[in-house]
Structures are given as structure tokens and as C-alpha cells.
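If you check Swiss-Prot, you get these features:
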BINDING   Cys578, Cys587  [4Fe-4S] cluster binding site
BINDING   His680  chlorophyll a' binding site
BINDING   Met688, Tyr696  chlorophyll a binding site
BINDING   Trp697  phylloquinone binding site
TRANSMEM  72-95  transmembrane segment
TRANSMEM  158-181  transmembrane segment
TRANSMEM  197-221  transmembrane segment
TRANSMEM  297-315  transmembrane segment
TRANSMEM  352-375  transmembrane segment
TRANSMEM  391-417  transmembrane segment
TRANSMEM  439-461  transmembrane segment
TRANSMEM  536-554  transmembrane segment
TRANSMEM  594-615  transmembrane segment
TRANSMEM  669-691  transmembrane segment
TRANSMEM  729-749  transmembrane segment
Amino acid sequence: MTTTPKEREPKVKVSVDIDPVPTSFEKWAKPGHFDRSLARGPKTTTWIWNLHALAHDFDSHTSDLEDVSRKIFSAHFGHLAVVFVWLSGMYYHGAQFSNYSAWLADPINIKPSAQVVWPIFGQEILNGDVGGGFEGIRITSGLFHLWRAAGITNEFQLLCTAIGGLVMAGLCLFAGWFHYHKRAPKLEWFQNVESMLNHHLAGLLGLGSLAWAGHQIHVAIPINKMLDAGVPAAQIPLPHEFILKPALMKEMFPSVDWGLFSGVVPFFTLDWGKYAEFLTFKGGLDPQTGALWLTDQAHHHLAIAVLFIVAGHMYRTNWGIGHSIKEILEAHKGPFTGEGHKGLYEVLTSSWHAQLAINLAMVGSLSIIVAQHMYAMNPYPYMGIDYATQISLFTHHMWIGGIFIVGGAAHGAIYMVRDYDPAVNRNNVLDRVIRHRDAIISHLNWVCLFLGFHAFGFYVHNDTMQALGRPQDMFSDTGIQLQPIFAQWIQSLHTKAIASTAPYVGASVSPIFGGDVVAVGGKVSMMPMVLGTADFMVHHIHAMTIHITVLILLKGVLFARSSRLIPDKAKLGFRFPCDGPGRGGTCQVSGWDHVFLGLFWMYNAISIVIFHFSWKMQSDIWGTVNPDGTIEHITGGNFATSAININGWLRDFLWAQSVQVINSYGSELSAYGLLFLGAHFVWAFSLMFLFSGRGYWQELIESIVWAHNKLKVAPAIQPRALSIIQGRAVGVAHYLLGGIVTTWAFFLARFAALG
């Protein structure tokens, strides 16, 4: 850490412009007002596509970085408003149309529902019996479990929260308008990274975690303790009573003096043992609820709060003390990295695409990590035995993660095309990566080929041996074994090493690594996962699909500005169909096209992950516990024997498990049957755009226009075929939508039918 003399670094002034942009409803009412050519109105049908493509492309509205920054900042508030309205709607459904109170009284036998379909012409068939005399649509968002963990005990509290969400949405809409039209920050404010880090670390993350820890200690833990003890929700004191009446807390946790200030005295006097009743270090899962101990969670959030509040005081702002990000980056050099990170400060403070690329890649990776943790270390009471919710949350976080990572590559390529400055990046890490991009991409290509042929070869070998009646020559746990020895070693390490690495913790992080079965109400919430040859094989398919996705996306970023084929690619922009007539073989080389192709491989990668997860959990984890202690898994442990060849995946996973969705007609699951059928249609519809030539459609359109002219009903706006890129965009959107909805219907119909 260094200090800076005052004269070298002037005080940062937080400055705003007053009334920079007038509020004009008249202007906003004109479609395309942000672009001079679009504002003239439509001449051809291409206008509507360009309107959508450019509405949020602020770079095309203005080249002024300050104005672009303000638009992004304002849009963030608009986005938050949408999120609050969306959340408010879900809480309102919980308040008005749900069986939350009934579920709270019996979370083992009653299923969550927060939507009741109105009878118009027979749709009421969708209202299934979820237990407790309630009929409605089964929900799988995990919100009921989250609400219980937070200490919500009745529908009125949900209604109040829903109203609060609308108030917050209104505030965000106001803030978005105010900070663009009335008091708009100057560019220096957006580029003041040290202040931003301090506020985000100490404020959002630090105080946010502290507030949540406070809520858990004062509201959630006491209410959950009473619920776990069997106290009816109606007899539990209201949340504010635990805060305003110290006697209630004293009754539950007598070792702390629950006064206005006396409660925090042990914290500052380091007498932390007083808090041991509600800030625990138990580890593992609560056997009653199958979830992480709420008292462990409160402990975690308090510790995180302290860390982030400290972290929020590390960076140098007005007081000349602390770290400078620019200095840290410029000092960050290794023996083989030339100028190291020099220039990256300028990159990340002048290109929001570069900043966004990193953020999307990080948050996408984090979402995938969340998916892996949420089932193994279920955070909310009774959610571990709600298998439909578990599969939904895993699938959701995997898709979101994959989409965000592709978005990271998209904005990385946009940065390279629009914002990259060779003068700033001289022999730094970015420049050096770009200069040896051929070595990177060719090696990555070799890895993809190796993984592809070997991983697929395992399955082809097994299909062949099975067809020849030679099971002893198959790769399997009973034939030629390919045991995942490193994964098994990590599992045993996590189980056994806990005694020496964390002596105060009562159990390892999750029974999934080893230990006892956690069963709630006769259903397995979590138990040790045995890995074998089938997992080893599908793992290498995961490795292949991930590496191919990375190959496509990284190639798109590294060759976005230039390539041997098109040295001046940067001049053509982020998206272009081909490099003009007379340049054969230059189609589908733009940065945009790499994102387009990357999306398909991302879809492949995530699909195989969620299929693997779904089948593995049904085969080896989820099921019922018999009175004698034996476990009946949903698919009876068939993963190890069936997932080792392609025929097994087709027959015992896709075909066998689609029984529920295919046979759903005439039941409350019939909507999933229609979605399954309809989503297949949407997926097939996408192929019409993907296996297509623009000229074919233009010729067809001209014939149709000729017929309209003959009949004197020709439109004023000239019809035009979609451009090549528009066609690809429509194609990939429907491909992903169709594929994802098909999978959604397939999973949910099965898990809802299984109960």
C-alpha cells in the first residue's frame, strides 16, 4: 500500500451536469428517434429489424463516451425496475393465489402452488391436486422454501413485500429518468474506479451481507426454530416483535444480553463465544430440513460482511491513502508477459464492452458454480426433497451461465472491433495473446479433435461390443473399468480431511462427497454420490463440448479485427455476412457469426450437462428410504449400466423418461405435452431459417409482390427478405427457444408426475 502526496493526485470531484437532455415525450413517441435514417420512417420491411438491432446499441446513437455511459447507467435503473415488477408479481401470486400457509404447515406432503387457472373452456384441468385440499399449478421456483428460510409466515407478509417491490420499481424508474435528464454524472464519475470499488464492496456487498445476517439472526433463525419445533405459523410472533421485544430473543438464546446496544458488546470485546447458539460452525445439512444450517448461514454472512467492509476501504480516493488500480495493473508483470497488464486500466475505463465482457464471463461462470452447489448443499428448508424444484434450479442456472459466457465473448469481440487501440496495447498481455493467437487456436483445435474422437469413441466401442454380445469387452464398471480416480480422490479428501483442515466444524460440506444419507420424510435429500465408468465417459463429452464452445468463441474474439483471410476485418464491423463479391469463402467470419455458431455449441454443452445431472440424480441419489433403511432410487441405479453407450442414452433416458410428457394428455400435466409438441415445432421452424438462402426468399417475395400489384393491393412499405444475418438471428433464437422449452416440458412433466 502506498500514500500519495496531495499535489500529485488532486481530490476527486464527483460532478454532474444539470438538465443535460430535455424530457420529450413527443420525441420518444417517434420510432427510431435515436437514428437519423431510422427516424425517417420505413421504406422497406428491413426497417423494423434495424429498429430492434439498434435500439440498445448506444454506440450507434452517439460516439460520445459520456453520453453512452449515461444511457447505460439510466438503462440499469430501468432494468432494475423490471426486475422489481417481476419479483413483485411472484410475491403477489404467493400472497393471492397460493397454498403457502398449508405448505408451511406440512412441507413434506404438500406441494407448492401459486397459480390457479381460470375455467374458460376446460383449462381448469391444469389445476392438479397438490395436497391439503388445494388445486393449482405446481411451481418449481423454490420461492416457498426461500420464503420459509427468510421467516415469512403468512400471505399478508408476502402481499406487503409485493407492494414494497412495486415501490422500489417506481423509485428505480424515477432514478433512471433523474440521472439522465436532470442530474447526469460526468464521464470522470463513471471512470472513478476506486470510489466505485469502495462503494460496491463496502456498501452493496458488505452492508448488504451485514443486513442479511441481521435479518437472519433477528427474524429468520427464531421463526425457523419455532417452525422446526412444530409451533403453528399463526402462533409465531410477527417479525418486528423479535426485534422490538428482547425478551423473545432472550427466551431462545439466553447467553446474549439482548439490549439495544448490549447485544453487540461481545462482538467488539471479542467475547464471540456468547453468540455460539446462533452463529454456528456445524457443517453439512440439517437432518430435519435437509438444508444448510440457518445458523451456519448467518455466521457466513456476518464473516463475509466483515471481509467486504474491510475490502471497501482498500482503494485510494480523496484521502491519498490506499491502492490505485492503475498502479496495481501496471506493476503486474511476470517474466514471460512483456509489459504485463500495462494499458488494461485504459482499456477497462474507456471501453464498456471490454468491462462487460469480463463481467459476463465471470457472472456466467458463477451461475454455473451456483448450479453445482445448490443441489449438493441445498440452502433452503425442505427443497432437497422437492426434486422438480431441484432439477429446475439446476437447469436454470446452467442455461443462464452458458448464455452469459457467450455474451462475454460477444462483447469481447465488439471491444476488439470498436474500441481496441493498438497504441495502448503494446507488448502487454492482450497484445501478446493476439500475437500468438494462431498457436492458441491450433492447439485448442487439436484438443477438441482429441477429446471428440476419444470421448465419442468410448461410446461407439461400447455400442459395437454390445451389438456383438461381448459385454466383457465393454468399458464399464464390470468390464474394462475407466474409474474417475481423481474425482474419487477429491471426494474422499473432502470427507476425511475436514477433521484436520477445519477442526471446529461438525461435518463435511455435503454428504455428496461421502458420509450418511440425509433423508427427510422418507425421501432422500442428499447422499454420497458414487462415481464410475459412466461418469468418466460423459465427463469427457462435457470436456469436448466445453472446449469446442471455447474454441469458437475465442477464435471469434482473437480474429475479430483481422485474419490471414481478411486482414482489414475491423473495417467491416462486428457483423457482416461476407467480404463482398469476388471474395469466395469469406462468409460467416465476422465476430457476430462466431457468437452465432458458439450459441449452438453452448446449447450442446449445457444440454448434455443437464441430461447427465437429471439421470444421475434419479439413478443414484433421489428416491425413497424403506423402513429397513434400504433406498429405492427413482430409476433403480441404471445409470452405471445404461449410460455407457449411445443406445442406453436414447432408450433408457430420452425414451423411457419421456413417457410422462408423451402420456400427459387428459391430465393436469397436459400443458407440458402441448409445450413439448409445440417446442419441437418451434425448433424445426428454426431450421427453415438456418438451412436457407437469402436469394430464394427474395425471389419468392418478388413473385408475391407481383401478384399483389396485379390485384392493386401492393403495400406502401416494400417487402424484403431477411438479410443473411437477420435470418441467422431468427434461426438461432428459435433453435434455442425450441430446444430449451422441449427440455423444460420433458423434465417437469416427469418430475411432477413422480411427485
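Each residue, glycine too, has its Cβ placed from N, Cα and C.
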The transmembrane segment (352-375) vs the transmembrane segment (391-417): 3 or more CB pairs under 8 Å: yes
For the transmembrane segment (72-95), sequence-distant contacts whose Cβ falls under 8 Å of one of its Cβ atoms, 6 or more beyond its ends: 56, 58, 114-115, 141, 143-144, 147, 155-156, 158-159, 161-166, 168-170, 172-173, 175-177, 179-180, 185, 190, 352
Interface-richest range of 297-315, 391-417, 536-554, 729-749 toward the transmembrane segment (197-221), CB pairs under 8 Å: 297-315
DSSP-derived structure type at Cys578 ([4Fe-4S] cluster binding site), helix or strand or else coil: coil
Listed stretch, out of 158-181, 536-554, 669-691, 729-749, that has the most CB pairs under 8 angstroms to the transmembrane segment (594-615): 536-554
His680 (chlorophyll a' binding site) and Cys578 ([4Fe-4S] cluster binding site), Cα-Cα, nearest whole angstrom: 31
Cα-to-Cα gap, Tyr696 (chlorophyll a binding site) vs Cys587 ([4Fe-4S] cluster binding site), nearest whole Å: 18
Any contact, the transmembrane segment (391-417) to the transmembrane segment (536-554), with at least 3 Cβ pairs under 8 A: yes
Spatial neighbours, same chain, of Cys587 ([4Fe-4S] cluster binding site) - Cβ under 8 Å, 6+ residues apart: Pro577, Cys578, Ile724
Lowest local Cβ density among Tyr696, Trp697, which the record lists as binding-site residues, within 10 Å: Tyr696
Sparsest-packed of the listed binding-site residues (Cys578, Met688) - C-beta count within 10 angstroms: Met688
Positions on the same chain near the transmembrane segment (297-315), where near means CB under 8 A and six or more residues out: 1, 193-195, 197-203, 205-207, 209-210, 212-213, 216-217, 220-221, 278-281, 322-325, 379
Under 8 Å by Cβ from His680 (chlorophyll a' binding site), same chain, sequence gap 6 or more: Gly738, Thr742
